[in-house]
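> To start, I am sharing the structure in question, which I have written as structure tokens.
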Amino acid sequence: MATPHINAEMGDFADVVLMPGDPIRAKYIAETFLDDVVQVCDVRNMYGFTGTYKGRKISVMGHGMGIPSCSIYMTELIKDFGVKKVIRVGSCGAVNEGIKVRDVVIGMGACTDSKVNRIRFKDHDFAAIADYEMVRNAELAAQARGIDVKVGNLFSAELFYTPDPSMFDLMDKYGIVGVEMEAAGMYGVAAEYGAKALAICTVSDHIKTGEQTTSDERATTFDEMMLIALDSVLLGDK
């Protein structure tokens, strides 16, 4: 039955959901890559769709910006709609010179300045990591398409406009492959509810050089990331 934030019914969603932050990107993914698409929810214009990719039922739904928004949608999808795997397909910023705009990065783990996982883990450090098989399948899917990917730690920031830009130098030193706002929270939700999760991101801007993509590009391109995510789902079924 419908939840406060998702007006769908049990069975409307596939067991695997791709989740971009932007609901317009969710619509783009559904219309571009899926067949037999049905819109299944639209509360607060956070669109959700279900269709098939090469015959495999897959859903896609936006999650908004930041850990709180992402956690709400992901929790309801898992608890109330039977979703087993969530793949974030979003954008991130780069801090390392070896990572360029439009590169694809896979979040094997996620650091954060949020306290959300300490709240759920009785104030202890929780190692927020992706599901290993999902990481492996995403890397294999990328290799099969000849797409170079970077695998490593993301940093999930609470603030988009940080008051301490020197933190980016520390992230670079520690080998952070991308800065975004959700992965650490979604890995915590997955662990709490016994689901599996992975964040795949395309670098939309470089924090050090200032190079960036446009909002239109972020909403309607980044196709390599989508194909990696979709192909990885098929590999996970084997």
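Glycine is no exception: its Cβ is also placed from the backbone N, Cα and C atoms.
What Swiss-Prot shows for this protein is this:
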BINDING   HIS5, GLU180, MET181, GLU182, SER204, ASP205  purine D-ribonucleoside binding site
BINDING   GLY21, ARG25, ARG44, ARG88, VAL89, GLY90, SER91  phosphate binding site
ACT_SITE  ASP205  active site, proton donor
SITE      ARG218  site 'Important for catalytic activity'
> Near ASP205 (purine D-ribonucleoside binding site), which residues of its own chain have a C-beta under 8 A away, given they sit six or more steps off in sequence?
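ASP205 (purine D-ribonucleoside binding site) has long-range Cβ partners SER91, GLY93, ALA94, VAL101, GLU211, GLN212, THR213.
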> Taking Cα atoms as reference points, which of the binding-site residues HIS5, GLY21, ARG25, ARG44, GLU182 is nearest to ARG218 (site 'Important for catalytic activity')?
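The smallest Cα gap between ARG218 (site 'Important for catalytic activity') and any of the binding-site residues is with ARG25.
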> What is the Cβ neighbour count of ARG25 (phosphate binding site) at a 10 Å cut-off, with all protein chains included?
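A 10 Å sphere around the Cβ of ARG25 (phosphate binding site) contains 24 other Cβ atoms.
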> Among all chains shown, work out which of the recorded positions HIS5, ARG44, ARG88, ARG218 has the most CB atoms within 10 A of its CB.
ARG88
> Pop the Cα-Cα gap between HIS5 (purine D-ribonucleoside binding site) and ARG25 (phosphate binding site) into the table, whole Å please.
19
> Taking each of HIS5, GLU180, MET181, GLU182, SER204 in turn, which of these binding-site residues have a Cα lying within 10 angstroms of the Cα of ARG44 (phosphate binding site)?
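Within 10 Å Cα-Cα: HIS5.
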> How big is the gap, in Å, between the Cα of MET181 (purine D-ribonucleoside binding site) and that of GLY90 (phosphate binding site), rounded to a whole number?
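Just about 10 Å between their Cα atoms.
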> Among the binding-site residues HIS5, GLU182, SER204, which ones place their C-alpha within 10 angstroms of the C-alpha of GLY21 (phosphate binding site)?
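Those close enough are GLU182.
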